[in-house]
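Noted in Swiss-Prot for the protein shown:
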type	residues	note
REGION	39-59	region 'Disordered'
BINDING	R48, R54	NADP(+) binding site
BINDING	R125, S126, S127, N238, A239, G278, K293, P294, T295, S296, S297, R319	FMN binding site
Amino acid sequence: MAGNSFGQLFRVTTFGESHGLALGAVVDGCPPGLEISEADLQGDLDRRKPGTSRYTTPRREPDEVKILSGVFEGKTTGTSIGLLIENTDQRSKDYSDIKDLFRPGHADYTYHQKYGQRDYRGGGRSSARETAMRVAAGAIAKKYLKQVHGIEITGFLSQLGPIKAEAFDAAQIEQNPFFFPDAGKLEALDQYMRDLKKEGNSIGAKVQVIASNVPVGLGEPVFDRLDADIAHAMMGINAVKGVEIGDGFAVVEQKGSEHRDEMTPAGFASNHAGGILGGISSGQDIVVSMALKPTSSITVPGKTITTEGEATEMITKGRHDPCVGIRAVPIAEAMLALVLMDHLLRHRAQNQGVLTHTPQLR
């Protein structure tokens, strides 16, 4: 399994399984001198961790991160940063009944066919539990981006099932368990999730993440375009089935006269492109949306097969999120931060001294 690392100059490698002893990450390429502590990482981990509300899995993991290396006297040294989170609330017995069958809609079948075996406890390596380390590593990138470049990254749930945010209040995002920016829809969300829980079912969601104050020039055409790497990062998150940059699939119904982001001496007149032109950041807000499927771990009976190919029926046991999109918000923020951090370092390496007389637009 070679796909455990992400990034080039700012590179993150993760390890660990859902019900293993621990999860870990090695972060390479962080510039020296950045003030960082476990508390800086813990904030985002607390936003992602399970058991924080009745709308997420009841598995209770403190997700307390330990910095093992790469930080001395409160500052990064420029060497590899080692991170570790211990698993403390595994209930592997919940999965003993399904070790010989495949959960439909999960990675059980494909992992088994590819590797000839699989860790059936909570999905093993394929579990979203692994994303805790991405969030921890992303918190390092987020602090550097904000402290050195003033870049702010904000994620939120823009849609849960049929309920869409029709208003945007940034102050609301961290004030409710849905990371939802529209206070007028919170009661409807609560009732919808209550009904869903009674059904024993799950639902999909849409998450949006915005990066502000991104400098113009990030992105390495043609194969490492900024939007291509962002899409790669977001599609690497569990349950993500679609990614949009800017207006995304809505451009199908737009005319060129409508879609083009006209330029004036005062700046861009619109941002249909989502802050990226020709694979390079334009200096506008980078706007990314992703669609997450409903988890197949539900108590509604479903058809499947055993490892021997025999037909059977199953009801999922264990502790699961009825909407995985809720806890995906800090994960999406982290992945966008990792991409921007990597591209900032790559841009600096090749284009540090490039100057133009053209004004930079916003």
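In case you wondered, yes, glycine gets a Cβ from its N, Cα and C as well.
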Neighbour-count leader, CB within 10 A, binding-site residues: R48, R125, K293:
R48
For R125 (FMN binding site) and R54 (NADP(+) binding site), what Cα-Cα distance in Å is obtained after rounding to a whole number?
25
Once the chains shown are all counted, how many other Cβ atoms turn up within 10 Å of the Cβ of T295 (FMN binding site)?
24
Within 10 Å of the Cβ of S127 (FMN binding site), how many other Cβ atoms can be counted across all chains shown?
20
In whole Å, note down how far the CA of S127 (FMN binding site) lies from the CA of R48 (NADP(+) binding site).
14
Structural state of S297 (FMN binding site), classified by DSSP into three states:
coil
Among the binding-site residues R54, S297, which residue has the largest number of other Cβ atoms within 10 Å of its own Cβ?
S297
